[in-house]
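Written out below as structure tokens is the structure these notes cover.
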Amino acid sequence: MSQHVMFNAVLSSHPALFIQGEWRIGNGVSFEKQDPMSQQRLWQARAADHTDVTLACHAARAAFPAWARASLEQRATVIQQFAALLEQHKQSLARTISLETSKPYWETLTEVQAMIGKVAISLQAYQTRTGHSQTPMGDSMSVLRHRPHGVLAVFGPYNFPGHLPNGHIVPALLAGNTVVFKPSELTPWTAEETVKLWQQAGIPDGVLNLVQGGRETGEALAAQPDIDGLLFTGSAHTGYHLHRQLAGQPEKMLALEMGGNNALIVEQVKDRDAVVNLAIQSPFISAGQRCTCSRRLLVKTGAEGDAFLLRFTAVAQALRIGRWDEQPAPFMGAVISSQAAERMLAAQQHLLLLGGESLLNMTRPDSQSALLTPGIIDITNISEVPDEEYFGPLVSVIRYTDFTEALKIANQTRFGLAVGLVSEDRQQFEQLLLEARAGIVNWNKPLTGASSAAPFGGVGASGNHRPSAFYAADYCAWPMASLECEHLTLPATLSPGISFDLPKV
């Protein structure tokens, strides 16, 4: 707790921007981060204004040639040193993430471990997806190489403030790009501590730059002529805004990883508690603040489905919630802010007014805290269900009669991130694979389960395909194809119409 108290003493003028290898005080407005549980101030500094953002982009541009020309081994050495420092500082960084996000400590430890694992996976992805290959073609060689874009802007989210931006920063740097990192204004402290580790790892000046702030800072960064691409993780609302802002600029690479209105289909309930455990993990892990969380729980009508829902509701009601460091450890903490808590309660009320039936009422035990209890609402009888991602611990139940109807309901969304099936019928899963409009399709596993060794992303309003996890490498380098021949000789057979049977000049 001493770390928490010490940080409260930091003045608003503390240097929270990292530009050209130096920590600087921003020229923008002062903003702060509060503990979601206690509303106590954790962090305060000044945001980056347009001048700061321009300076960061210029620094990244100036640093690009040398970093891009460095060997892969040289770049990998710095990145591997960063991973080693993450290992050394795993507990302190996990505590920082817990304080900012309210996620339990056991969960944030796994987040930092995922950051460490991302380095080895990114090296593998670089070689597999964007490496160097040669194909003989007679007297020549077809060679495929990949080149970095240049300056990439990375926009990070608040739900995984360490792991998700790390999943773009690491492959971007490995490919030879330089980066301007703009984290969520709701998790500035995690970003600052992470960049300090990059500095200790020996990242060259200007290769990685940090600009802090909210919407104004983000818009200034997206509008910079000096960026060659933008990698974004966050809400569909913000992603759409960035897409419009960069419209008409096809020369800039835009990678959007957004949210989902994901469906989990409970078709069979053989082991009731095993199914309930999976169904609890899917909507309520991280207080429902994962893009892959199930927002819709599709349950087959009948006695088996009724019994499952009763057990599911009882287990959800008994979930331990609380502060990140409480013992025994809680399953989930608060949502990210009081404003987020208010939005979730408003969403629940809206669904009830539309005709939904509350199976478990989501509540806010303390009006001064962003802590919410899990909520379950049956929306089967709502004629026009809002196609929204409610980013918190609220799941909507929809009853269905047969599997064909379940598939139809699952696809009734503009999003296309994740869908899951609980069933022991392999043929049903094969049918789901054929008909699902989603980038992630899980079978008898929580929707929130995903592998960094696989592509991650969705279609529709969930983003432009796979800008995260293993395929992030694709967005960090562009392919360069070459036909190469060391010695030029006249072909034995000439093209029709060409003759060299001419008088010598």
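From the backbone N, Cα and C atoms, a Cβ is placed for every residue, glycine too.
These features come from Swiss-Prot:
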- G234, S235, A236, H237, T238, G239: NAD(+) binding site (BINDING)
- E257: active site (ACT_SITE)
- C291: active site (ACT_SITE)
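Projection of Swiss-Prot feature records onto the structure.
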residue	record	DSSP class
G234	NAD(+) binding site	coil
G239	NAD(+) binding site	helix
E257	active site	strand
C291	active site	coil
Starting from the Cβ centroid of G234, S235, A236, H237, T238, G239, which together make up the recorded NAD(+) site, report each further residue of the same chain whose Cβ lies within 8 Å of that point, ordered by sequence.
F232, Y240, H241, M258, G259
Among all chains shown, work out which of the binding-site residues S235, T238 has the most CB atoms within 10 A of its CB.
T238
By a 10 A CB contact count over all chains shown, which of the recorded positions listed here is most packed: A236, C291?
C291
Just to be sure I understand the packing, how many Cβ atoms besides its own are within 10 Å of the Cβ of E257 (active site)?
30
Would you mind reading off the Cα separation of A236 (NAD(+) binding site) from E257 (active site), to the nearest angstrom?
8
So for G239 (NAD(+) binding site), how many other CB atoms are inside 10 Å of its CB?
23
Quick one: pull the CA-CA distance for C291 (active site) versus G234 (NAD(+) binding site), whole Å only.
8
Distance from E257 (active site) back to S235 (NAD(+) binding site), taken between C-alpha atoms, in Å:
8
